[in-house]
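Structure, as structure tokens:
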Ligand code: CP
Ligand code: NVA
């Protein structure tokens with residue numbers, strides 16, 4: 001029977017904090033938790049949640065996951081704690097380490113998350129930064145595995161902005177040996193550091209493709225994935241990005257150019273009829289709500305592999 005292993009790294013800041021074996025293990029553990037074939041108990045364990053940006057799925061899935069594991073969460077709202085007053089991260093992190101068993105953080109700068117991890121003696125989890133969303137990618141690949149059984153011959157085409165969600169898909173895809181294609185406008189490429197790291201893991205340049213024409217990028221794809229064009233913190237770029245991403249909407253026409261069995265994913269929240277049409281979200285190809293559910297199962301699996 002599968003049992004949680006302890007991850008080699010203390011923190012989960014990036015998809016790069018897992019080995020291929022650890023990534024596969026978390027996904028398989030989550031599958032067992034989902035099928036009720038595994039009951040885990042972490043009584044009295046406390047997860048602190050610091051969210052500098054809004055969240056529905058990540059916040060609630062962490063809260064329910066801890067509750068199912070027998071532990072609790074504390075919502076450290078920056079506006080009602082001293083975090084919002086600007087208390088240095090190195091002080092907050094050391095204090096919270098003395099109360100909490102783990103801390104999940106959603107913030108803007110990835111370097112702030114790294115600063116928390118540096119000073120915290122307890123595991124720190126990335127609940128989304130401007131650079132990565134690694135918990136999301138785990139749920140995404142669990143959803144893909146549920147449909148296709150394994151990752152062999154899976155081609156994932158991400159259509160949209162080359163930022164946090166795309167970055168974690170690229171890195172997690174590299175760990176799992178999945179071909180990942182990013183279809184984005186020329187000015188919205190993924191971070192070169194992420195591309196370099198992924199190519200090092202793949203040991204090949206062929207499995208990660210950057211393509212600027214969505215029609216070409218979806219040919220032969222089994223998974224079409226998109227995310228909002230303007231992320232949290234980019235509200236003032238909305239008008240410009242809506243223009244730049246014209247032609248990058250996943251609609252029924254684009255979907256019809258992918259493989260017949262292609263599934264559609266979106267991390268949510270979505271702007272319907274911008275990056276994806278209402279029709280595609282509600283289509284038989286959509287696995288978007290299974291994907292959202294899987295955040296919960298993956299969160300339990302991840303927490304059980306990080307709790308010290
Ligand atoms: N996908 C995701 O992270 O959703 P939330 O912003 O609602 O947490
Ligand atoms: N790219 C989006 C993801 C939201 C889950 C954002 O950062 O706002």
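Any Cβ shown, glycine's included, is placed from N, Cα and C.
TrEMBL lists 227, 231, 232 as L-ornithine-binding residues, and of the candidates 126, 153, 164 the one it assigns to that same site is 164.
The Cβ of residue 267 (carbamoyl phosphate binding site) has 57, 133, 136, 140, 165, 227, 291 as same-chain neighbours under 8 Å, each 6 or more residues away in sequence.
Looking at 55, 82, 164, 231, the binding-site residues in this record, the fewest other C-beta atoms within 10 angstroms of the C-beta turn up around 82. Here the candidates are the binding-site residues 55, 82, 135. The one whose C-alpha lies nearest to that of residue 232 (L-ornithine binding site) is 55. The binding-site residues considered are 135, 232; of these, 232 has the fewest other C-beta atoms within 10 angstroms of its C-beta. Listed in sequence order, the binding-site residues among 135, 227, 231, 232, 295 whose CB lies under 6 angstroms from an atom of ligand 1 come out as none at all.
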